[in-house]
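Under the heading ATP binding site, TrEMBL lists LYS7, PHE8, GLY9, GLY10, ARG189, LYS214, VAL215. Residues annotated as substrate binding site in TrEMBL: THR52, GLU79. According to TrEMBL, the domain 'Aspartate/glutamate/uridylate kinase' annotation covers 3-233. Look at TrEMBL and you will find 343-401 tagged as domain 'Aspartokinase ACT'.
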Amino acid sequence: MRLIIQKFGGSSLSSKELREKAIEHILAAKAEGYTPVVVVSAMGRKGDPYATDTLLEFIREIAPSFPLRETDLVLSCGELISAAVLAAQVGAHGVKALALSGAQAGIVTDGVFGQAEIIRIKKEKILRLAQDGHVPIVAGFQGSSEEGEINTLGRGGSDTTAVALGAAMEAEVVEIYSDVDCIMTADPRIVPEAKPIGNIGYQEVLQMAREGAKVIHPRAVDIALQYNLPLRLKKTGSYDSGTLVTHKKPQLDKSFISREKVVNGITHVTGLAQARVLAPQASGEEIETMLQELSDAGISIDLINLSPQEKAFTVPAAAAEQTKSIIASLGYEAIVNAGYAKVSVVGAGMRGIPGVMARVVSAMNKAQTDILQTADSHLNISCLIPENRVAAAVKALHLEFNLNE
């Protein structure tokens with residue numbers, strides 16, 4: 001049995017016509033000799049009746065401190081509706097399909113409400129259904145604890161569901177369908193010349209996802225990397241090959257190398273605030289306590305630069321005032337200003353290559369963009385810049401690293 005996991009995002013399921021396009025992919029997989037297992041997100045996006053953000057907004061109107069357990073029960077409904085509707089629509093094509101909740105699909109979680117981890121998958125039921133000729137359609141984003149409590153998996157949870165199922169069932173590939181054709185070298189809304197990336201390694205996709213590219217959730221890539229499970233990112237309704245994510249990239253041809261494409265893509269994140277803490281006498285333990293307090297408050301911290309005179313990092317702009325308040329409660333003075341963004345260059349080709357940072361700085365200078373902070377690894381270089389310079393910076397970096405070609 002050649003198993004394939006096909007995951008469809010909410011934008012691919014928001015209308016009957018779009019669901020028909022999704023069904024075409026399911027039927028095509030069967031025609032090619034695959035046994036498909038389907039994972040679905042909630043239908044649509046914020047504002048649509050059954051979308052996760054719509055349900056979240058609804059319960060917050062009832063009570064800002066809606067209980068976490070009940071929140072998970074409500075939020076899990078979006079995917080359940082999506083699975084049931086798609087199963088019925090698949091059935092209308094004469095194909096046996098069965099909708100399953102996360103619990104019915106055997107997805108066992110650690111019991112944490114709102115941000116659960118999958119600890120194991122009891123795959124026997126899904127395998128039995130698939131062997132009997134059914135198309136199992138699994139509600140993503142959810143599972144059940146050992147005690148039978150419904151837990152959601154957090155943002156990107158349906159991606160995680162799909163890849164975890166693929167790993168547990170030893171699928172040949174996991175296909176992730178959305179409303180974009182593939183991974184691009186930059187956001188085409190900013191860089192019209194952005195090119196599709198046909199093949200890419202797990203580590204690069206993981207870094208791009210972490211640095212702001214909304215392609216697939218990092219947790220899903222982590223699982224795929226661990227189990228060496230190929231991923232294919234495609235657009236619903238398109239039969240182009242999309243982007244294949246594997247353990248190793250195919251051998252680069254000489255023309256690629258000659259153009260010195262050490263970078264595969266440019267990503268960006270907007271809506272950031274920079275926090276500068278004036279704490280020259282603070283010990284390492286005190287700084288650790290400060291960062292832990294911010295983390296405990298649910299504030300995501302990035303681009304951390306520590307020096308004897310000043311500690312600088314970024315937080316979401318929406319958390320700027322809360323960040324300042326927490327730091328003040330610990331007895332430190334902080335300057336927290338919004339209006340910033342992070343741009344990153346990502347590529348395995350920069351590993352061990354001198355001069356990449358110099359080229360980043362050169363591109364920023366050409367774009368007349370100030371760099372406030374930087375961070376780098378063997379896969380990426382990130383810069384904090386004024387938010388109103390994002391478009392200029394991304395275009396300049398895309399050009400500097402020959403990604404227009």
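Each residue, glycine too, has its Cβ placed from N, Cα and C.
Across LYS7, PHE8, GLY9, GLY10, ARG189, LYS214, VAL215, which the record gives as binding ATP, the greatest C-alpha separation is 25 Å.
Mean pLDDT, taken over the domain 'Aspartokinase ACT' (343-401), works out to 93 on the 0 to 100 scale. The binding-site residues listed here are GLY9, GLY10; among them, GLY10 has the most other Cβ atoms within 10 Å of its own Cβ. Taking the C-alpha positions, the distance from GLY9 (ATP binding site) to GLU79 (substrate binding site) comes to 10 Å. Calculated from their C-alpha atoms, the gap between LYS214 (ATP binding site) and GLU79 (substrate binding site) amounts to 20 Å. When secondary structure is read from DSSP and collapsed to three states, VAL215 (ATP binding site) falls in the coil class. A simple way to gauge crowding: the CB of ARG189 (ATP binding site) has 8 other CB atoms within 10 angstroms, across all the protein chains here.
Spatially close to GLU79 (substrate binding site) yet at least six residues away along the chain are VAL40, SER41, ALA42, GLY102, ALA139, GLY140, PHE141, GLN142, SER158, judged by Cβ distances under 8 angstroms.
Note: VAL215 (ATP binding site) has non-local neighbours VAL180, ILE183, VAL205, MET208, ALA209, LEU233, THR243, i.e. same-chain residues 6+ apart with C-beta under 8 A of its own C-beta. Sequence-distant contacts (6 or more apart, same chain, Cβ under 8 Å) of THR52 (substrate binding site) comprise GLY10, SER41, ALA42, LEU75, GLY78, PHE141. Within 10 Å of its Cβ, the residue among the binding-site residues LYS7, PHE8, LYS214 with the fewest other Cβ atoms is LYS214.
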